[in-house]
Amino acid sequence: MYASREDIGYDFGDDSKVGSKPIKPNPNIDGGWAWMIVLSSFLVHILIMGSQMALGILNMEWLEEFNQSRGLTAWVSSLSMGITLIVGPFIGLFITMCGCRKTAIIGGILNALGWILSAYASNVHYLFLTFGVTAGVGSGMVYLPAVVMVGQYFQKRRALAQGLSTTGTGFGAFLMTALLKYLCREFGWRNAMFIQGAISLNLCVCGALMRPLSHKDVNEKYVVRSNSEDNQAKALSHSAEAIKSIGVLSEEPDKKEEATNEEVLDTGKRIEIGGKSRSGKNMYGLRILKTASQLTVTVRKGFGIWYSSYFGAASLFTNRVFVAFIIWALFAYSSFVIPFIHLPEIVKQYNLSRQNNIFPLTSIIAIVHIFGKVILGIISDLPCISTWNVFLMANFTLVTCILTLPLMQTYISLAVVCALIGFSSGYFSLMPVVTEDLVGTKHLANAYGIIICANGISALLGPPFAGWIHDITHKYDFSFYICGLLYMVGILFLFIQPYIGKKQPREKSTEEAQV
């Protein structure tokens, strides 16, 4: 069942020259500053994903404060979690134009603003705008750069690095739950949200740590990858050839863009030199004009890359395996949250409340989930193991547990299944790695933005869908079965597409045969 990068890779072209010249590896790739990037991403997961996992505390406060229905109030947290992921493709545009560091810093400010403004909410609909939309968009602007930067800085230990950084979600769930409980009890929920907004400003610090790699460093990373992955130089040159085929970053447009930019700067300099004798007001206007010209060139270039990645000749959607990955993402996240919704009802039905109060089943999932991310990351980084195969096996294990959990009737059996759910769901840390293998590092921001957008739709619609099934059937087990079967369909798409979409190997030319 092995599927190599060439099997599932994004086929952009061929460039046998990549990796032909030995280049000294950059010490910051797989080491050095790369571990500061992991720390930054870890803190981002604590502050964003951990806070969202603890929103149940605030949800109870909102129910008591505004006296609205549970369904309407629940949309506040659902909007925040869903929008964080759904805005992924648009955040990819910001990253293309501004880079990960600036995007994350702006997102940190916006997220903190959403928390602080929510402290003055007069009704639930006000929270939709301030917390659901404002804080949600800010969270998305920090979350995607945190994932992308880890992918850029790591090659040999990508899966382990992503696993370590994403464990912040589990730690954050415990820390932020305890923190919000304490703040609400001591200061009230409004002051708690104000304080949480101040804490969220630390996201700007995390963004500042996201030091971008130079183009030389990125090229060195490609060479390291080509030497470490069975000399697969063709697969590694695909991303560069793709951008050339798009036409936005081809040499001629680049030269034109640079020439245009240089002309603007030179003109500004000539005017600036000739205007030394003029008033300071005119000089200030010229500087604004020069800055606006630079910004216009940057925006046009970034938008061109972003647009071509989605709708150009070498669009991401021309990759069949990537399309199958999107279909899988639409069903995956909703199936993961189903146990958290219905486990309390299962515990109540089988009179297991006493055992569950001692060690809650949801806590078992959360704790083992942390270890699952790290262990699956270590396994995936082994030279003889395919990340793709580990990813598929974890998905098969998870869907099997989802389908069998309603059949368990004792606390021990439920605890075992919940532990397997927590461990196998550690594949979330492999999603950026698999995405990078499919499309390359240069397209990771846009591609992973699409994937988390699909996850966001699943997170937004999955719980209401499960509740709707329960209202019709009056049985919780049908929610597991239907969502599990939909999840299985998505996994089957991932399983068969590498072979259906695999191109026939081209025939070797006479020169290649001689070599």
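Cβ atoms here come from the backbone N, Cα and C positions, even for glycine.
Confidence annotation: the domain 'Major facilitator superfamily (MFS) profile' (37-502) carries a mean pLDDT of 78 in the model. What TrEMBL records for 37-502 is domain 'Major facilitator superfamily (MFS) profile'.
The list of residues near the transmembrane segment (33-55) in space but at least 6 beyond its ends in sequence, with Cβ under 8 angstroms from a Cβ of it, reads 76-77, 80-81, 84, 104, 111, 139, 142-143, 146-147, 149-150, 153-154, 161, 164-169, 171-177, 179-180, 196, 199-200, 202-203, 206-207, 209-211. Feature annotation from TrEMBL assigns transmembrane segment to 33-55 (among others).
Annotated transmembrane segment per TrEMBL: 75-96 (among others), in sequence order.
The annotation transmembrane segment is assigned in TrEMBL to 103-121 (among others).
Proximity of distant same-chain residues to the transmembrane segment (127-148), defined by a Cβ-Cβ separation under 8 Å and at least 6 residues beyond the stretch ends, is recorded for 40-41, 44-45, 48-49, 52, 62, 75-76, 78-88, 91-92, 94-95, 100-101, 103-104, 106-115, 117-118, 121, 162, 165, 203, 206-207, 210, 432, 444-445, 448-449, 452. Annotation source TrEMBL lists transmembrane segment at 127-148 (among others).
What TrEMBL records for 160-180 (among others) is transmembrane segment. Here the transmembrane segment (160-180) has Cβ contacts under 8 Å with residues 34, 38, 41-51, 53-54, 56-58, 146-147, 150-151, 153-154, 192, 196, 366-367, 369-370, 373-378, 380-381, 426, 428-430, 432-433 of the same chain, all six or more residues outside its ends.
Marked as transmembrane segment by TrEMBL: 192-210 (among others). Away from its own ends, the transmembrane segment (192-210) comes close to residues 36-37, 39-41, 43-44, 47-48, 51, 58, 100-105, 107-109, 111-116, 118-119, 138, 142, 145-146, 149, 179-180, 183-184 of its chain (Cβ-Cβ under 8 Å, at least six residues beyond either end).
The annotation transmembrane segment is assigned in TrEMBL to 321-343 (among others).
With a threshold of 8 Å between CB atoms, the same-chain residues lying at least 6 positions outside the transmembrane segment (358-376) that come near it are 159-160, 163-164, 166-167, 170-171, 173-174, 339-340, 343, 347, 390, 394, 414-415, 418-419, 421-430. Here TrEMBL flags 358-376 (among others) as transmembrane segment.
Residues annotated as transmembrane segment in TrEMBL: 388-405 (among others).
Positions annotated as transmembrane segment by TrEMBL: 411-434 (among others).
What TrEMBL records for 446-466 (among others) is transmembrane segment.
Annotated transmembrane segment per TrEMBL: 478-496 (among others), in sequence order.
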Legend entry - seg_contact(the transmembrane segment (103-121), the transmembrane segment (321-343)) with at least 3 CB pairs under 8 angstroms, min sep 6: no
Legend entry - Contact check, the transmembrane segment (388-405) vs the transmembrane segment (75-96), 3+ Cβ pairs under 8 Å, seq sep 6+: no
Legend entry - Contact call for the transmembrane segment (75-96) and the transmembrane segment (446-466): at least 3 Cβ pairs under 8 Å, seq gap 6+: yes
Legend entry - Intrachain residues whose Cβ lies under 8 Å of the transmembrane segment (446-466), provided they are six or more past its termini: 74, 78-79, 81-92, 96, 143-144, 147-148, 151, 306, 309-310, 316, 322, 325-326, 329-335, 337-338, 341-342, 431-432, 435, 438-439, 479, 483
